[in-house]
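**Q** Structure provided below as structure tokens; questions to follow.
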Amino acid sequence: MMLRSIKSLATSPSSHILRRGYASEAVPDRKVAVLGAAGGIGQPLALLMKLNPLVSSLALYDIANTPGVAADVGHINTRSEVSGYSGEAELGKALEGADVVIIPAGVPRKPGMTRDDLFNINAGIVKGLCQAIAKYCPHALVNMISNPVNSTVPIAAEVFKKAGTYDPKRLFGVTTLDVVRAKTFYAGKAKVPVAEVNVPVVGGHAGITILPLFSQATPKANLSDAEITALTKRTQDGGTEVVEAKAGKGSATLSMAYAGAIFADACLKGLNGAPDVVECSYVQSTITELPFFASKVRLGKNGVEEVLGLGPLSDYEKEGLEKLKPELQSSIEKGIKFANQ
């Protein structure tokens, strides 16, 4: 009994056991690499991953300023050892032996910029990073945050295919922020405690490709069609809301770092064999005719254990699904074309 309680303590987020140095076998060693760790998302994400007791080694990489971030975060008295890597020559060392690689690298949206305006810059950055992942940690779970995710995930897939390392079970577009926003906005409207709320969000990760399934939200609330439409629109435009509020000073970085940390934690739990780890993510999929699609995914020791179906949709959601398909399809094609040119 004692051993079992020690084990469960050691795997719980508020683990005091680990600090006392025994029963640490209960939690396997896991290395997490953050690529773009000195940026607006990267820094708070590095902080949140340092607080995660499932991480034993935290590698922070960026083209500049990483030693400072690593020194700062490294002073925090939690389990993981932190190392900083700066510049392309050190990318291999950052990646070697990584179990999970999180990619928030790239430039943020400025006011008036669409996610597609970011495309050429970020697509090039992602392509280079993925070539290194294929070389140095081909079996890592890759969590793609760099926008436009609808295109950067297909780019990563093409790079990995070329390198002969592609495993569709190990590549994820992080759409968790759409879920986080949908939960927050729904709880506010439905007047229910946000901690109890669940809302699946499917499709993609930009504008109308983001489809929150409020008909499946729990706890149930009797919201009018007008309220559902407004909640849907607000979820789809959440990124723009933050870009405008920051008035030229950046985009969603803190909430994105939180969402990225939640998804990476789910990946780590899955790798460690925790049962029933389910999160929405943008993955290679056959649940629609599109090659990549976000829906609920069961995570496990190989990454994706199962891509779950959409479940019953309202008429409004069915209509939204048909509307988003052409746009998502063209973003996927754009990524594939970029990767192959």
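Just so it is clear, glycine is given a Cβ too, placed from its N, Cα and C backbone atoms.
Those TrEMBL annotations? Automatic predictions, nothing curated.
Okay, these came from TrEMBL:
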| type | residues | note |
| --- | --- | --- |
| ACT_SITE | His205 | active site, proton acceptor |
| BINDING | Gly36, Ala37, Ala38, Gly39, Gly40, Ile41, Gly42, Asp62, Asn122, Ile145, Ser146, Asn147, Met256 | NAD(+) binding site |
| BINDING | Arg109, Arg115, Asn147, Arg181 | substrate binding site |
| DOMAIN | 31-173 | domain 'Lactate/malate dehydrogenase N-terminal' |
| DOMAIN | 175-338 | domain 'Lactate/malate dehydrogenase C-terminal' |
**Q** Spatially, which candidate from the recorded positions Arg109, Asn147, Arg181, His205 is nearest to Asn122 (NAD(+) binding site), comparing Cα atoms?
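**A** If we rank Arg109, Asn147, Arg181, His205 by Cα distance to Asn122 (NAD(+) binding site), first place goes to Asn147.
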**Q** I'm checking region-level scores; what's the whole-number mean pLDDT for the domain 'Lactate/malate dehydrogenase C-terminal' (175-338)?
**A** 97
**Q** Would you mind splitting the domain 'Lactate/malate dehydrogenase N-terminal' (31-173) into helix, strand and coil residue counts from DSSP?
**A** 62 helix, 28 strand, 53 coil
**Q** Taking Cα atoms as reference points, which of the binding-site residues Gly40, Ser146, Asn147, Arg181 is nearest to His205 (active site, proton acceptor)?
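**A** Checking each of Gly40, Ser146, Asn147, Arg181 against His205 (active site, proton acceptor), the shortest Cα distance is to Asn147.
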**Q** What are the sequence-distant neighbours of Gly42 (NAD(+) binding site), meaning same chain, six or more residues apart, C-beta distance under 8 angstroms?
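**A** Listed in sequence order, they are Val34, Gly36, Leu60, Asp62, Val69, Pro104, Ala105, Ala257.
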**Q** Between Asn147 (substrate binding site) and Met256 (NAD(+) binding site), find the distance joining the two CA atoms and give it rounded to the nearest Å.
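**A** Asn147 (substrate binding site) and Met256 (NAD(+) binding site) have their Cα atoms 12 Å apart.
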**Q** In angstrom units, rounded to an integer, how far apart are the Cα atoms of Ser146 (NAD(+) binding site) and Arg109 (substrate binding site)?
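**A** Given the Cα positions, Ser146 (NAD(+) binding site) is 11 Å from Arg109 (substrate binding site).
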**Q** Inside 10 Å of the Cβ of Ser146 (NAD(+) binding site), count up the other Cβ atoms and send me the figure.
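**A** 27, counting other Cβ atoms within 10 Å of Ser146 (NAD(+) binding site).
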